[in-house]
């Protein structure tokens, strides 16, 4: 293992030299003692032809040379436009996760070991030639004994040791960068590698992908917007996934879509509707909707339907995040930058001590040039990206789900404009968001919310005791405490206030039946109502 690690180190070094990534490194404002290390690098004393490639292109080619794990890491980096320079992020978007297929005999052996049966006993036909091959898995076509056409996804064998080794080097590079450069620390490289570690290991578990696909299929059951293939759960294992095979037109095949007279305007608008439906209706969204994972049904070209595959990466938002995101978008397009700043602070996305006036001015400076364009030319994804970049300057904590959401929105938006260049996202999204906000704050929704909070009443005594114990500890009031913990305390106090209000209302109703609310027996109800109201207003 140590020998393999040393060989991998030399491989990384060769790639760094070949693509002159050391030039990029020493262009950073490093400490003098690190900059002096260039004198110890023998290849820097040799004449080298200046590279005609941009820095982004050199980084992309280097990641491609280092193999699939580094390629996928580059793809993850390309979604972090709130952190990376635009030229580098654009180049990394070009990375393709395509690797040669592994031996079909290995695929068959793995399927048989996972299913505990011979391939011929499970499938009436199994194509040994794969349909597609990527860094984590490859896909084979097959037919079940019952006649259904399916695809079989198989995890690439021997992948975990390779991933562990490459992740170790990525962590080492990230930690070194954080120690060496203040600019690097601002990018949180160790945190980014940590996110990637979770993502790549999640993709190795095909049962997780199967569960995601089942959830998405259930969410869009009977919908004309999107179709998700059926999962055959009895044939799914951690390293094997069997799904319905779909036959559709790749969403980038414009010629075929045009030949079958697909309504391109409606198709583009439905893409936007799919995104907002997932985010705001379902709070569960496909977070890898690049063109390779999206097809179009050929059944009704006048009412086109999307088909989504590869549900390995998904995202979700809390009810609070949904609310703040919707309010942010509406405030943005009204150019109400102060409201945007206030929402960020209220949500806890930026620290509570942030000066609203300064934050508002920064948002205005960045966003006003965007809104000088016609609405149909404004990029939703660019708006979110600029917002995140600005908020990072005010110490906004990284919100992984919002990063996934921004990446998904950029994919959907780019796809929609490719299908129909005059797509006006705002005219499609605005009615959806306004309708969602009305429904969210309708009397029916408010009553449902009150009912769900009332379910916490049996736990009120324990919650009160725990909260009082925490508040009695002086160090919890230390202003240096993480903002997230203090935000949690505020939400806990709000919940406690709601519980006291609910309990007081129940006691008041009981007292009203027995006697008068002015009677001595009603004082606990009044006390609980007053305390609950105070906590909610105070917070």
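Including glycine, each Cβ sits where the backbone N, Cα and C put it.
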Practice problem: Have a look through 118, 145, 153 and flag the one Swiss-Prot assigns to the ATP site that 131, 132, 133, 134, 135, 136, 137, 138, 139 belong to. | Solution: 153
Quiz prompt | Site diameter for ATP, Å, by largest Cα distance between 131, 132, 133, 134, 135, 136, 137, 138, 139, 153 | solution = 14
Quiz prompt | Lowest local Cβ density (other Cβ within 10 Å) among binding-site residues: 137, 139 | solution = 139
Quiz item: Which residues does residue 288 (active site, proton acceptor) neighbour through Cβ under 8 Å, counting only same-chain ones at least six apart?
Solution: 310, 311, 312, 313, 408
Quiz prompt | Sparsest Cβ surroundings (other CB atoms within 10 Å) among the binding-site residues 131, 133, 135 | solution = 131
Quiz item: Can you tell me the three-state DSSP label for residue 135 (ATP binding site)?
Solution: coil
Quiz item: Taking the domain 'Protein kinase' (125-493) alone, what is its mean pLDDT?
Solution: 81
